[in-house]
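Asker: What Swiss-Prot shows for this protein is this:
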type	residues	note
BINDING	Asp19, Asp143	Mg(2+) 2 binding site
BINDING	Asp19, Glu57, Asp79	Mg(2+) 1 binding site
DOMAIN	10-151	domain 'RNase H type-1'
Amino acid sequence: MTNYACSITNNIPVKIYTDGACSHNPGPGGWGVYLSYKNHEKKVYGSNINTTNNRMELTATIEALRLLKHSYKVELYTDSQYVQMGITKWIKKWIKNNWETSNKQLVCNVDLWQLLYTLIQKHQVSWHWVRGHSGNIGNEIADKLATNGKIEAMKIAKNNENTKKFLD
C-alpha cells in the first residue's frame with residue numbers, strides 16, 4: 001500500500017471519489033473508492049450481503065478516509081446527495097439534537113454518520129457533489145468498483161441461499 005504521508009498544509013489535495021451500489025435496496029451491495037494523490041492512485045472496493053444504497057455510500061466515504069494515515073487536505077467527490085447534504089447541512093443539527101431528527105427519531109445510519117464525523121476531524125475536507133453517470137472519470141471508476149462489490153455480494157448471497165436450501 002502506498003503511504004500518502006503529507007502535511008495538511010500541503011496545497012496538493014488528495015482527490016477521492018466514492019460510490020455505493022445496492023441490489024433490491026435492501027439487499028446485496030457494494031462500495032467503491034478511487035483515490036489519487038500526486039502520481040499515485042488507489043482503487044478499493046468492498047461488499048455487504050444485506051445493506052442499503054445509503055449505507056454503501058457512507059461506507060465508501062468512511063473507507064476512503066480510513067486509507068489516509070496522516071492529516072490531509074481532501075477533495076471528496078460523491079454522487080450521493082444523501083452523503084453530501086448529511087455531512088454539509090444536517091450533521092451539526094443532528095449532533096446538537098443528540099443524533100435525533102426533528103421528529104425525535106434516531107438518525108438513520110447513525111453508526112456510520114458518527115464514524116464519518118470522527119474521521120473528518122483529522123482532515124480538511126472539501127465536499128463536492130457530482131452527477132452520477134455524467135462522464136466524470138473519477139466517479140465512473142468509483143461506480144465500477146462499487147458495482148464489482150455489489151456483484152460479489154450477490155454471488156455470496158446466492159451461495160448462502162443455495163446452501164440454506166440444500167441444508168433444509
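Residue numbering: from 1, along the chain as shown.
Just so you know, glycine gets a Cβ as well, placed from its N, Cα and C.
Buried or exposed, and what's around them? Tell me for each listed feature.
Answerer: Sequence-distant contacts of Asp143 (Mg(2+) 2 binding site), defined by Cβ-Cβ distance under 8 angstroms and a gap of at least six in the same chain, are Asp19, Ala21, Gly32, Asp79, Gly132, His133.
The secondary structure of Asp19 (Mg(2+) 2 binding site), as reduced to three states from DSSP, is extended strand.
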Asker: Give the mean pLDDT for the domain 'RNase H type-1' (10-151) on the 0 to 100 scale.
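Answerer: Averaged over the domain 'RNase H type-1' (10-151), per-residue pLDDT gives 96.
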Asker: An 8 Å radius from the center of the Asp19, Glu57, Asp79 Cβ atoms defines the neighbourhood of the Mg(2+) 1 site; name the other residues of that chain inside it, in order.
Answerer: Thr18, Gly20, Ala21, Met56, Ala60, Thr78, Ser80, Val83, Gly132, Asn139, Ala142, Asp143, Ala146
Asker: Under DSSP, the domain 'RNase H type-1' (10-151) has how many residues in helix, strand and coil?
Answerer: 56 helix, 46 strand, 40 coil
Asker: Taking the Cβ of each of the binding-site residues and counting other Cβ atoms inside 10 Å, which one has the highest number: Asp19, Glu57, Asp79?
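Answerer: When each Cβ's neighbours within 10 Å are tallied, Asp19 tops the list.
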